[in-house]
């Protein structure tokens, strides 16, 4: 086994082009907030932040925003959110490189990625909704990214070198045959910890409190986020998979899928019995449970909870580790394995910054 670590179109303003990179940051949540901190470090000294926005407010300055404390300021101060004026700040910056960073999980913003590329902006994103969504959206994105850079390292593995490694292999004529792994930091943590000594619902509540899951844990337990990551990797490997071609096992009981978040959290114990039964069955056979994503050479894809032997690579993960095992025409007898922290705002923000700095 080898290891390695939608708003109005903006009319361009005629301004003299100068050297430098101007950026607009969309999203000031945990990842966006971590990125704002990185923008205050020497590594980002050549970048000019000319716009920043949360879901309701924004601040712009075509020269450079004083970004200290911006995240807190936007909670109470700023102009009403307006994408057109954010893009206008990029145009008026005079920078030769103009970058939009999407640090949200907003579907409507993701739907505009191809449009922004067509307009001449580079896009760097942690948002999986377009690349891991409908196949038509993926194809539109591929056509548009020929014009500008689409930085997507943060969409898979919180910035682990998964997509970059896969692309390099393909450039060298290698081809992905099969893919298997643990693609969710939250689900990795839950099943690395789950040993039957306490109910799954207790572990889930603790993981939520630690920030390892989304505020509504069904976003993690549904398997849909893992499916998006699988689609992104598979499509980058040349598999033209649609969303309906991935079999997804949800860990959310049918009766809890349509209720509000508060009700779901009050009824977490309903997850316990079926998972306890599956854990006991696996343990009796010397196995453990892991939430795996799998893709075979014929393009059959599945994400869900499976029993694996205690000797399986996924059985030896720690904390929120992700693992991606790529079997290719050249890494055939043993897969190429990429493993490391698969969650965390700092490493995700670093992946975003790295993609911005790579544009030149």
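Heads up, the Cβ atoms here are built off N, Cα and C, so glycines get one too.
Any TrEMBL annotation is an automated prediction that lacks curation.
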Range among 57-82, 83-108, 109-134 that TrEMBL annotates as region 'Disordered': 57-82
Residue, out of the recorded positions 128, 229, whose Cβ gathers the largest set of other Cβ atoms within 10 Å: 229
Chain residues outside the compositional bias 'Basic and acidic residues' (58-82) and at least six past its termini with a C-beta under 8 angstroms from it: 7, 22, 28, 32-33, 36, 39-40, 48-52, 88-90, 92-94
Cα separation, residue 27 (NADP(+) binding site) to residue 229 (active site, proton donor) (Å, whole number): 20
Sparsest-packed of the listed binding-site residues (29, 32) - C-beta count within 10 angstroms: 29
